[in-house]
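**Student:** Pasting the feature list from TrEMBL:
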TRANSMEM  16-37  transmembrane segment
DOMAIN    22-226  domain 'Cytochrome b561'
TRANSMEM  57-78  transmembrane segment
TRANSMEM  90-111  transmembrane segment
TRANSMEM  131-155  transmembrane segment
TRANSMEM  167-185  transmembrane segment
TRANSMEM  205-225  transmembrane segment
Amino acid sequence: MDGEDMSESQANLRPFAGWVILSQLFGLASVILVAVWMGHFRGGFAWQSNPSIEFNYHPLFMIIGMVYLYGDSILVYRVFRNQRKLTCKILHAVLHVLALLFSAVGLKAVFDSHNLLSKPLPNMYSLHSWLGITTVTLFGMQWIVGLLSFLFPGLSMKIKSRYKPVHVFWGVAIFAMALTTAVTGITEKAFLANTDYQEKNPEGILTNCLGLMLLGLGLTVGYIVTTPDYARQTLPEEEHLRLRD
């Protein structure tokens with residue numbers, strides 16, 4: 001890359017940090033708002049000793065895992081654009097593991113909140129639950145296939161290159177599904193639990209703001225990962241290895 005091209009590339013990257021910071025603000029705001037919603041308006045947090053309140057871990061942990069951490073994992077290759085690819089792969093995989101762990105606890109919380117009541121509630125009947133279990137299942141499959149494809153040393157670069165666009169597509173698609181699932185869950189809970197929702201009470205305003213923060217997070221992450229100027233460039237030593245393969 002000559003000096004003119006490098007200057008142009010640096011100019012194109014100037015808004016990049018702002019977009020990344022904005023995405024993190026939306027993500028952190030989402031986590032804080034759902035924590036306040038469940039902690040202040042919905043009675044706080046408990047485990048199996050109080051199943052109805054145990055539910056409150058479900059939206060909190062699902063948004064932390066399937067939205068915030070997942071969104072950050074998608075951004076790894078763009079944010080750490082000058083780091084070795086193996087470092088990015090490991091960080092990407094670790095964030096996925098954390099997202100899965102939070103999601104697993106979040107799912108247990110919602111099933112417990114139904115099954116451990118004196119009069120158990122049915123599971124898996126709503127659109128939100130169908131979307132949720134589909135999203136988490138696809139997320140788990142994506143993680144396993146990605147782990148085998150990109151960290152398994154025996155696969156050729158040709159196979160990895162062919163799978164990469166598929167992995168990228170499903171990564172963004174599942175993230176969009178996670179956001180959709182979160183918004184349907186927020187809407188469902190708002191209508192069922194907040195009897196004065198139509199009165200624009202503080203809880204209702206908070207849940208609406210939470211939905212807007214999730215929308216902002218989805219838009220900023222989507223913009224960052226689809227903007228060609230923000231794509232990670234192959235390092236010289238990686239280009240050498242690719243040519244050898």
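Don't overthink the numbers, they just go from 1 along the chain as shown.
Cβ atoms here come from the backbone N, Cα and C positions, even for glycine.
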**Student:** Do the transmembrane segment (205-225) and the transmembrane segment (16-37) share at least 3 Cβ pairs under 8 Å, sequence separation 6 or more?
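**Tutor:** Counting Cβ pairs under 8 Å (6 or more apart in sequence), the transmembrane segment (205-225) reaches the transmembrane segment (16-37), since there are 3 or more.
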**Student:** Can you tell me which recorded stretch out of 16-37, 57-78, 167-185 has the most Cβ pairs within less than 8 Å of the transmembrane segment (90-111)?
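**Tutor:** Out of the listed stretches, 57-78 contacts the transmembrane segment (90-111) most.
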**Student:** Summarise the model confidence on the domain 'Cytochrome b561' (22-226) as a single mean pLDDT, whole number.
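**Tutor:** Value for the domain 'Cytochrome b561' (22-226), mean pLDDT as a whole number: 94.
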